[in-house]
Amino acid sequence: MSVILVFLLVVVGFVGWWLSHQRLMSKPWLEQGMAGDFVALDRSALPTAKIGLGVFLAVVGCLFALFTSAYFMRMALSDWQALPLPRLLWLNTGVLVLSSVALQCASVAARRGQLETVKLGLVTAGITALAFLVGQLVAWRELSTEGYLLSSNPANSFFYLITGMHGLHILGGLVGLGRTTAGAWNGARPERLRLGIELCAMYWHFLLFVWLAIFALLAGWAATFIDICRQLLT
Amino acid sequence: MVDITPADAVPPAEVGEMELYHPHSWWTKYVFSQDAKVIAIQYSATATAIGMVALVLSWLMRLQLGFPGTFDFITPEAYYQFITMHGMIMVIYLLTALFLGGFGNYLIPLMVGARDMVFPYVNMLSYWIYLLAVLVLVSSFFAPGGPTGAGWTLYPPQAIMTGTPGGQDWGIILMLVSLILFIIGFTMGGLNYVVTVLQARTRGMTLMRLPLTVWGIFTATVMALLAFPALFVACVMMLFDRALGTSFFMPAIVEMGEQLQHSGGSPILFQHLFWFFGHPEVYIVALPAFGIVSDLISTHARKNIFGYRMMVWAIVGIGALSFVVWAHHMYVSGMHPYFGFFFATTTLIIAVPTAIKVYNWVLTLWRGDIHLTIPMLFALAFIVTFVNGGLTGLFLGNVVVDVPLSDTMFVVAHFHMVMGVAPILVIFGAIYHWYPKVTGRMLNEALGQFHFWVTFLGAYLIFFPMHYLGLVGLPRRYAELTDMTIMTESAHHLNSFISIMAFIVGFAQLVFLFNLIWSIRHGREAGGNPWRATTLEWQTSETPPVHGNFGKELPIVYRWAYDYSVPGAKEDFIPQNVPGSFGTSKEPA
Amino acid sequence: MAVALVLVLVVVGSVLFHLLSPWWWTPIASNWDYIDHTIIITFWITGVVFAAVVLFMAYCVFRFRHREGNRAAYEPENKRLESWLTIVTAVGVTALLVPGLFVWSRFVNVPSDATEVEVVGQQWQWSFRLPGKDGKLGTSDTSNVSAENPLGVIAADPNGQDDVVVEAADLHLPVGKPVKMLLRSIDVLHDFYVPEFRAKMDMIPGSVTYFWFTPTRTGTFQVLCAELCGQGHPLMNGVVMVDTQEDYVAWLGEQQTFAQLSAPQQTGSADPAAAGTLAPGSKISAKLETVEAR
């Protein structure tokens, strides 16, 4: 359970930092009247939707951290046999990076008001994300034809489970991206469109990060990394 | 005294007006409504309905335990299905849904001075997914093989094997799917509750001016958002084990003389994941109760809550600590015994902030002006049962004391007292307290008195003696307590007594339900602020509050939520949105 | 008035119930009276706190109940009082924790002279294995379990050949000698629990858990399963008999070793009781059917 505890420690650190700016030591019964002096405390300047997405991403991060924890705990048992990762995953990684970059471009273009670039970026991001999903499915097929079936070894089970869970999140993101893209074509208000694109970009970057972490985990680098850390500590 | 600006110099609300959706038909107004208040009532009604099912199940269990051999239809198989569904419904589908989905939805926007939740559409989806989860759960009663009988902890490997009811039928699958749906739905709602508190507070409502109810629900929601994923992961992995033949949790097993396909999995892994959710879950239920009861006591004792800052810190501290105590449910699970030292220590540390909260509640009563209204009675009863249940927690949390007591009736008595009876008493108190706001009418006082006394004393008489059955050593989850040398004749009598009390207490809840329905039309008119309370929900221009909560302009907050009996003020309460200072609020020595 | 009175009655009633209750723990039969002492300490501390809090509350309700013209005091906080209460609580909690941890360390550290006894749980019966003359238990694996080898002992391990196998029958232990119970399960979670010994521990398929104790008096004690293990859970009883040394040796002499049980010529003369247990749990299954037929 160490991975999830580290994750929670990060969350607690963030929450603690935020709370430390909320004057939790103040004595509210002595402060009557308008809270004019601390109006900045009232709420964040960020759009509410972004904060909402941020909270949601923390939940998603928690989910994957838990899968990782379970992965390491199950890995320690004797019947674990790592499976060879298909080379295709490298290509998929590249495609997903491309998708993230395209959305970032769209986001920058939206800030500058270049609608054509925005549309191009959105469509590229959508297509590359779809390509990533197809690539993942092909990788699954490849593995299963080579005999690495879901239930034959826990390493396989985790591979399918975690990549599947990540794929589902991308799929969910595609719904949001689809709506934003439709908005770009149907002439949504610029600030609304911009917010939508920024939200998509945030989600995409996060899922890219999650994918890189998963990749490292499934390839066994994460385990090696933790071993090195442990040796350094002892 | 810090008087920051003169009252009349206040500019109008600075909060950007949110785009309220406008319902166009009866359907979008009352059924597919995006108004948090309607959603709150939908959540509450659904939770109450499914909770009644769980209540009936508990009666059936008590029939079997109190009068063994008398009721033929309660087979061991049925008994285990009853306890499983009773536990799961009460903990997740009733308590969690009612506190967060019900009270959270109703009170958060009103108390922080917001027009609605920040993502109303997602909020509506949250309810409908919750309803779907409940329906899936209910459908397992009608599935072949019936619902699962694995106990609410759903421990593998037995949960997915033939020796357990529903293990190789539909029961366990429907249970897991229902939980997964619940978690998805809850996450949608939870995002709303958290972000609304963060972003939609009205002008002047700093965090330290929030009523403790909001603090409790807010912290509990944050915890739930981080804890439920653990249950989600556990459910998905178990679903894979059951449906796709993987071996996450399933070791090599010989079942009834036959080798199963699984190998190498770890049942302990499931337990870690489950309790990583399961322990915070206790506080997810308890923290809103802590918050609400603080407000009930303060309002009805006409006195500010004692040590507000300490209360806030304690809520946050308990919330954080509750993530590092989970394995105290696993002292005798066979995990590495040295974990016991760590988890016993963290568990007993958490007793300190919890105790502080209790002290502050009773110190709020000290030199108060205690109105023994029904909400106040429930709050007092909460303190009694919570202190009782919390103290028996010190038995079970102290690793070596847990060894003889774990898995006995002592545990059953403990957790029913601390997270069954205590939070439910708060729920009742809260309903008596806020019902006038929701409907505009008071609940009937006489029926309320009857309901209170029967529920409080009855529940205490059920669960206090039950601890002693556990001391004798009677294990929990026994469909029959007959074939045991330690089971004496007198213990049988005690069991029968407990069963009879359970029926009486259950009956009192029917009276309560009647009161809820009857008072909608026949209750005494309440007016806008019958309890003369300070918080914003009582200051709405209309009662019940209309869509958008507050009239044309959002209220502006000038003071904390507990200005009761301020020296020098004319009334014994000053609402949060009343400007200016009254008398002295110098800190007393 | 009435409310304050009821609160007082709750305290008085609870204390009286505690003192007069005929429901108390069974007379102890192991060395774990430390645990009983820790529980007594806990009862004292928690009892005092419970009584103090509720009586204080009752007093407040009585003394500060609403009367016409009353007004509450205004007191946002009192740092001194709160610090004091925190310190006192912390001290109380420490007083509970320290003896608890002390006893726990005794509980998890097995004395070196403890004899090993293996308990194997399955739906829904108990079997046991004791080391033979070599004093060592052979290794075992669930995947080896079969009708002839109900505990899954690995035949290739020479240590296992002389192990005494007690299948679905009573376990005997000598009085006054520490035993380390090695707990295994071949199907689901179970929990080996004898109320008189105070100790218990879950058994997990796929791994071996343990606890230890020293039986301190002779007698017959019932084994209960304390982890829900399916519908036969409440019927999963067993018997542990604590014998004097002579009785124990006599009993041990009557038992069969793994080698004897697995020798092919023995199967013909196996007694019917043993044949009856080849299908594990069949007795309970039959029992369950009669329960359902009621």
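Placed from the backbone N, Cα and C atoms, the Cβ positions cover glycine too.
Record features (TrEMBL):
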DOMAIN    B:21-558  domain 'Cytochrome oxidase subunit I profile'
TRANSMEM  B:38-60  transmembrane segment
TRANSMEM  B:80-108  transmembrane segment
TRANSMEM  B:128-150  transmembrane segment
TRANSMEM  B:170-191  transmembrane segment
TRANSMEM  B:212-240  transmembrane segment
TRANSMEM  B:282-298  transmembrane segment
TRANSMEM  B:310-332  transmembrane segment
TRANSMEM  B:338-362  transmembrane segment
TRANSMEM  B:374-397  transmembrane segment
TRANSMEM  B:409-432  transmembrane segment
TRANSMEM  B:452-474  transmembrane segment
TRANSMEM  B:494-518  transmembrane segment
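The average pLDDT for the domain 'Cytochrome oxidase subunit I profile' (B:21-558) in the predicted structure is 93. Contact check: the transmembrane segment (B:212-240) against the transmembrane segment (B:128-150) gives fewer than three Cβ pairs closer than 8 Å, residues 6 or more apart, which falls short of the contact criterion. Contacts between the transmembrane segment (B:494-518) and the transmembrane segment (B:38-60): present, as 3 or more C-beta pairs lie under 8 angstroms, all at sequence separation of six or more. Only residues 6 or more beyond the boundaries of the transmembrane segment (B:282-298), in the same chain, are considered here, and those with a CB under 8 A from a CB of the stretch are 91, 95-96, 99-100, 103-104, 211-217, 219-220, 223-224, 227, 304-305, 311, 315, 318-319, 322, 357, 360-361, 364-365, 375-376, 378-379, 382-383, 415, 418-419, 422-423, 426-427, 429-430, 433, 535, 561-562, 564. Of the candidate ranges B:38-60, B:310-332, B:338-362, B:409-432, B:452-474, B:38-60 has the most C-beta pairs within less than 8 angstroms of the transmembrane segment (B:80-108).
If you count C-beta pairs under 8 angstroms between the transmembrane segment (B:338-362) and each of B:128-150, B:310-332, B:374-397, B:409-432, B:452-474, the highest count goes to B:310-332.
Tertiary proximity for the transmembrane segment (B:310-332) is limited to same-chain residues at least six positions away from its ends with a CB under 8 Å from its CB atoms, namely 208, 212, 215-216, 219-220, 222-223, 226-227, 268, 271-272, 275-276, 278-280, 282-283, 287, 290-291, 294, 339-340, 343-344, 346-347, 349-350, 353-354, 356-357, 360, 396-397, 399, 402-403, 406-407. Remote same-chain partners of the transmembrane segment (B:409-432), defined as residues 6 or more beyond its termini with a Cβ less than 8 Å from a stretch Cβ, comprise 90-91, 95, 98-99, 103, 282, 285-286, 288-289, 292-293, 296, 373-379, 381-382, 385-386, 388-390, 392-393, 395-396, 443, 448, 451-452, 455-456, 459-460, 462-464, 466-467, 469-471, 474-476, 512, 516. Long-range contacts of the transmembrane segment (B:128-150) within the same chain: residues 32, 42-43, 46, 50, 53, 77-81, 83-85, 88-89, 93, 97, 101, 158-159, 164-172, 174-175, 177-179, 181-182, 184-186, 188-189, each at least 6 residues beyond the stretch ends and with a Cβ under 8 Å from a Cβ of the stretch.
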